[in-house]
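Take a look at the structure set out below.
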Amino acid sequence: MSIHTDEDKNRPDDEKVMDDVHDASAVEAEAEYGDEEYRKLLKKLDWYLMPIMAITYGVQYCDKQSISTSTLFGLVEDNGLHGQQTAWLSTIFYLAYLAFEFPMNYIMQKVNLGRFLAAIVFVWGAMVMLLAACHNFAGLMVLRTFIGALESCISPGFLLIVASWYKRQEHGTRSMIWMAQNGFFSIFIGLITYGIGSATDKHNTIAPWRAINLFLGGMTVAWSIVLFLFLGTPSEVRWLNVEEKKMAAARIVSNQSRGSDKSEWEWDQVKEAFLDPQVWFYFFISFLANIPNGGYGVFGSLVTKSFGFTSLQVILLNMPGGAIGGSFNIISGYLSSKWRNTRTYFMAFSMIAGCAGLLVAALLPSEQEYRWKRWGGLLTMSIYSTATFMGWSMLPSNVAGNTKRSTASAMSFVAYAVANACGSQLYKDKDAPLYRPGLIGSAICFGLTFVAIFMLRFYYMWVNAKRDKLAKESGLSEEEMERQGKINGENGMTDLQNPHFRYTY
């Protein structure tokens, strides 16, 4: 175990326990507990963490989509928007997201992660409420900038939390549970906006889009209290005792990568991340898959309305797509945990569906008789988010080393931000209301993502095969290699430095 010096006397006991566990002796600590004890602990982790992360991610989606929904209920007219100004409300969000991605990831390595994320959620909720007070383009742009900067840490922060609590084979299922809430909460926001829109239209009180933002922002502010009380890494939370925290750290030593409690920032791992081919595959997958997301996230409702539906009908028609997308994310996460190395297959399938669906919506005639078929194309496209979310869930499984993992995560989310900023510009005002060039361009991006996904899969297969060959030549038994791999991981070695590390795909 680690030796505590006099300087450690004033440190909390929980932090000392985590230091004790995070060294080579953690491999021995793993065997101190039985399967039943680990099962009980896992159940407790899931009951606390999964609902909190799922609801937070869904609330984030609702807040982010409030602009798209508001365009149906008078935001454009009340703020005097014209030309590409609606698109710029999305672009500025992601430019701010991009600018703050690396700083936020650096900060999250240094602070109490749970409390930090709770504070972020509180402030961005307040910003969403302030959207209701806007009367011009400038005010909307300022607030969307702040919201983008604040939301930039949620997804990478949640990936760090998953890495600190769960085994590699559990990453996909757990991550997809909270990521899938984008789909399910689109149903929630649809019901809420339908109700608010109907009520305000009927009683002619506050503008519907203002009421929507007040409700969503207020809900977010209230929810941040739950995060403050319960979210965090093993050393931060109060709902585990000292022995359970030790067990939580011991159960993930098989990851061959230290969990994501606070650690020193290692610049050599930053350099390695920028030189690692897998990190760049994740970068380009995240970029190509999210150019369509940036445009459709803002203009999707307007595209559906152009088929010949009313604003309230569009709200209702968006709900089935959310249910299908959310369900496919959870199902693919579950099946990929049961069927080894199938995550890239689910990612690729979602890109085929996305490409085909967009082409149907774009290329069918615009006459009313085709509106349901075109809507069916958009429904088919609704599972496209699986490629992005599954790719993000693979990051903590395949990138070892805390600093390297944070850097790789930041790079992937930078690509996500750039893509979304670019995507909204595909939908030109001159192409309204059908926006066919934007839909076709998005379909092409999905096709290119399909190619990148299989390139990543073949790269992992090649590296694993090469390491298997070297391991066989070394003469070490499988048990010895597994043990040494765990020790290397607990000592802070990265996936490239640890010859016993194997990639999952």
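Positions of Cβ are set from backbone N, Cα and C atoms, glycine also.
Those TrEMBL annotations? Automatic predictions, nothing curated.
TrEMBL has this to say about the protein:
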type	residues	note
TRANSMEM	87-104	transmembrane segment
TRANSMEM	116-140	transmembrane segment
TRANSMEM	146-166	transmembrane segment
TRANSMEM	178-197	transmembrane segment
TRANSMEM	209-231	transmembrane segment
TRANSMEM	279-299	transmembrane segment
TRANSMEM	311-332	transmembrane segment
TRANSMEM	344-363	transmembrane segment
TRANSMEM	375-395	transmembrane segment
TRANSMEM	439-460	transmembrane segment
REGION	473-505	region 'Disordered'
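Taken residue by residue, the region 'Disordered' (473-505) breaks down under DSSP into 15 helix, 0 strand, 18 coil.
The stretches the transmembrane segment (209-231) and the transmembrane segment (375-395) do not meet in space: the count of Cβ pairs below 8 angstroms, excluding pairs fewer than 6 apart in sequence, stays at fewer than three. Beyond the ends of the transmembrane segment (87-104), by six or more residues, the same chain brings 64, 67, 140-141, 144-153, 156-157, 294, 297-299, 410, 413-414, 416-421, 423-425, 427 to within a C-beta distance below 8 angstroms of the stretch. Contact between the transmembrane segment (439-460) and the transmembrane segment (279-299) is supported: at least 3 Cβ pairs lie under 8 Å, counting only residues 6 or more apart in sequence. With a cut-off of 8 Å between Cβ atoms, the residues of this chain six or more beyond the transmembrane segment (146-166) that come close are 45, 49, 53, 56-57, 60, 63-64, 92-101, 104-105, 107-108, 113, 116-117, 120-121, 123-124, 127-128, 174-175, 178, 231-234, 248, 252, 255, 257, 259-261, 392-393, 395-396, 405-406, 409-410, 413, 417. Segment contact holds for the transmembrane segment (279-299) and the transmembrane segment (375-395), given three or more CB pairs below 8 angstroms at sequence separation of 6 or more.
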